[in-house]
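Going by Swiss-Prot, these are the annotated features:
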- N10, L12, G37, E58, D83, N100: S-adenosyl-L-methionine binding site (BINDING)
Amino acid sequence: MNKNIKYSQNFLTSEKVLNQIIKQLNLKETDTVYEIGTGKGHLTTKLAKISKQVTSIELDSHLFNLSSEKLKSNTRVTLIHQDILQFQFPNKQRYKIVGNIPYHLSTQIIKKVVFESHASDIYLIVEEGFYKRTLDIHRTLGLLLHTQVSIQQLLKLPAECFHPKPRVNSVLIKLTRHTTDVPDKYWKLYTYFVSKWVNREYRQLFTKNQFHQAMKHAKVNNLSTVTYEQVLSIFNSYLLFNGRK
């Protein structure tokens, strides 16, 4: 099979592991699911046994044709041959997202599903190190994601679970959407603030006196142990100092 390395995938084929994953998804008969990466259709088939409707998006032509043949009689499954990064999720429909995503595109895809979809729950299989980076509020990605979703690990998936076997372990994570911590009208300011904050360009955000006031108000004694809630407090101080509130 000719592979586009950028979009290459490591497939889950073990029935035991697939069943463990399905159990963690806690799907209902009324659920509509969007799957990222049909692959060979192993997970797709199991999703369709429980959910009302599964729409599965696959870019690789060979895999799309293979899965189309395998799933052609399954009325609960709709296959779409498209790049997930170009796919438009519905605005007014309730749905969940499930995906075993390519490691190389983890950042792009997680941003896509969090910021360009309205999914209530998102389940992704990602590289273990990437999962840890999503929790790191000293990084841009962590500070952006936390405004919209909470993130938790559901299952650890050793490299032996996949074919071909990757060099790293993976995890199944759940992203649960919550009310945004940053209203839309402040989003551009927040992304600017975060870009400066993670690079410690504090002078681009505050005067010396403002910085000390913001730290005091957020009760920050040590910047190396700052919490997400404290960063939000500091951002609110930034808005106040700039007459935005």
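Glycine too: its Cβ is placed from the backbone N, Cα and C atoms.
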Reduced DSSP assignment, G37 (S-adenosyl-L-methionine binding site): coil
Which listed residue (E58, D83) has most other Cβ within 10 Å, given these are binding-site residues: E58
DSSP three-state assignment (helix, strand or coil) for L12 (S-adenosyl-L-methionine binding site): strand
In the chain carrying G37 (S-adenosyl-L-methionine binding site), residues 6 or more apart in sequence that have Cβ under 8 angstroms from it: Q9, S56, I57, E58, L59, I84, G99, N100, I101, P102
